[in-house]
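According to Swiss-Prot, the protein has these features:
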- HIS125, ASP153, ASP157, ASP244: Mn(2+) 1 binding site (BINDING)
- ASP153, HIS155, ASP244, ASP246: Mn(2+) 2 binding site (BINDING)
Amino acid sequence: MMENLLIPPPPWTGRMDGTSSHHLRWHQAVTPLQDGVEPGACVFIGFSSDEGVERNKGRRGASRGPDALRSALSSMALAEPLRAYDAGTVAVTDNRLEAGQEALGAVVAATLDAGQFPVVLGGGHEVAFGTYLGLAQASVRTPGKRIGILNLDAHFDLRSDPVPSSGTPFRQILEREHAAGTTLQYSVLGISQPSNTTALFDTARGYDVRYLLDDECSVSDRHRVAVFVSEFLSDVDLVYLTIDLDVLPAAVAPGVSAPAAYGVPAETIQFVCDAIAASGKLAVVDVAELNPSFDIDNRTARTAARFIHRIVTKRIPIVR
C-alpha cells in the first residue's frame, strides 16, 4: 500500500491592497484543494526533499524550497482572476525518497485526471522522477501520445548511481520507458560543459538527448533557442517542463546547491517558459533545487516565482 506522505498546505499570506479584482494578488486567489473542483484550474503541489541532493553529495536545504516559493509568489499581483488551489506538500522523511516520489506521482496523476494543471514546487531535482510518474500514470497519456521532457538545467542528471538521487532522475525515466517498450523525447537547455563529464555527454548521446550548452543560450542567441524549442515542440504532444534553478547565473540564483559560474540569462529562460506555456501542449511543470539557506535577498525564490507566475497566467484560463 502506498504511504500517504501528503501534509496540508500552509496558509498563503501577503500584502493586501483591497479585495476587488483590481487589487488581486496570488495569496488572495489560492485556496486549499477540495474534492469536486471543476477542471481548468492550477494546482500547486509541494515536494519537500533533501534526500536526493544529499545522496548526490550536494548541500542540504532544498526541503524548504516549496514554502519559500509559495512565499515569493504570494504577493505577486495577478492581472486577471484565475482559479488556483494548493494540494499540500509531499514530505520526504527518514530517507524514504522512493516512497515520496511514488506519493508525488499519485498526486500529480490525480490532478491531471481531474483536468487540472499541476505545478510542482521542489525540493531537489529528484522531484523529476515523481512528476514523471504522475504524467506516465495519468489518463492524458494515451497510446500514441508523444511525451517530451524539456529540462532547463546546467546538468544532464543522467548519472548511473547505485541509488536514486538528484543526479539520476532522467536516466531512471529513460530506463523505465525502455523497459515498458515506450519512448519519450528528453531535451536539455543550458548544459554547462565543465559541470558534466565526458561520460555523461556519452550517455546523453546514447539516449539521443538533444541539448544546448549554456554559452549557446545568450540573449543574442534568441533565434538558435527559438529553433531548438520549436523543433522540440513539433516532435511531441504532451510536455513536461522542469526548471532546475541552477541553470541561472549565480548572481541571479545564488540559492541552489550548485551555483552556476556562467549560466543562462533569465531573459532566455523566460522566453522558453513563455513559448512552452503558450504551445497548448504543457501538461505539468516543476521547479527544483531552490535552497533558501543560501538565497541572498530571496533572489532565487523571487526569480523562480516570476517564472511560475508567467507560466501559469499563460496556461490557465482567466475567470470572467
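Even glycines carry a Cβ here, placed using N, Cα and C.
Cβ atoms within 8 Å of the centroid of the Cβ atoms of ASP153, HIS155, ASP244, ASP246 (the Mn(2+) 2 site) belong to the same-chain residues HIS125, ASN151, LEU152, ALA154, ASP157, GLY190, LEU245, VAL247, ALA258, ALA288, GLU289, site residues excluded. Within 8 Å of the centroid defined by the CB atoms of HIS125, ASP153, ASP157, ASP244, the record's Mn(2+) 1 site, lie the Cβ atoms of ALA128, ASN151, ALA154, HIS155, SER166, PRO169, PHE170, THR242, ASP246, VAL247, ALA288, GLU289, excluding the listed residues themselves.
Distance from the CA of ASP246 (Mn(2+) 2 binding site) to the CA of HIS125 (Mn(2+) 1 binding site) is 10 Å. Within the same chain, residues at least 6 positions away in sequence whose Cβ sits under 8 Å from that of ASP153 (Mn(2+) 1 binding site) are HIS125, VAL188, LEU189, GLY190, ILE191, THR242, ILE243, ASP244, ASP246, VAL247.
In the three-state DSSP scheme, ASP246 (Mn(2+) 2 binding site) is classed as helix.
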